[in-house]
């Protein structure tokens, strides 16, 4: 079973204290000390609970309590301690001898708050009111700035393309894109230890020579009226051949070039 509430007993006085009750409490504590606040009221002859006797003694009847208004030095000390400790009034009262936590709290709410507001200082944050209150325009600017920073990213650099198989280029890089390679059959590296055109260049040149020889043969046939059995070659020399379509001439042209 827990403790029974001290103020729910029958025949307990509640409300303001009378002078006679104050005198009884002071006389008992001076003679016997504070002791146990739960058993003190019955020993002192008071119809009060222990909590009420303790608060009456601590806040009003102690002999070391200061009477009168707070001084300017006490005001500045309370402001400084409040900026460090916040609303911990019991700790603040421990730094001010003769002042109670309840007295300091009431004095803060009735006097010091107004003094700070008149100076343009927020009593909760102890900062200037202009700095603590943010205007709607500044909030809008912050939102726009944040959106701009979130959605704007760095420009991606373009991939570097380097050609492979250039004759006059002496330097090459190891990184190329997929478009540079193309098909596997399109690029064939010439690994022979010789200086000359690449395989692609040679094959292209052979095709162009064969096409030119073929066009020349057809033009000669039409000009001299030759039949299919006789072919006229005007590439290197003029002569008649047997249904060979100037094959030897084309091969010799490719080799000489």
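Here the Cβ of each residue, glycine as well, is placed from N, Cα and C on the backbone.
Long-range contacts of the DNA-binding region (37-61) within the same chain, counting only residues at least 6 positions beyond its ends with a Cβ under 8 Å from a Cβ of the stretch, are 6-7, 9, 11-13, 17, 21-22, 24-29, 100, 102-103. Annotation source Swiss-Prot lists DNA-binding region at 37-61 (among others), citing sequence analysis.
Look at Swiss-Prot and you will find 89-112 (among others) tagged as DNA-binding region. Tertiary neighbourhood of the DNA-binding region (89-112): same-chain residues 58-59, 64-66, 70, 74-75, 77-79, 81-82, 123, selected by CB-CB distance under 8 Å and a gap of 6+ residues from either end.
Annotated domain 'HTH myb-type 1' per Swiss-Prot: 9-61, in sequence order.
What Swiss-Prot lists as domain 'HTH myb-type 2' is 62-116.
Here Swiss-Prot flags 189-193 as motif 'Required for interaction with CPL1'.
When pLDDT values are averaged over the domain 'HTH myb-type 1' (9-61), the model yields 90. The helix, strand and coil residue counts that DSSP assigns across the DNA-binding region (89-112) are 19 helix, 0 strand, 5 coil.
Taken through DSSP, the DNA-binding region (37-61) splits into 17 helix, 0 strand, 8 coil.
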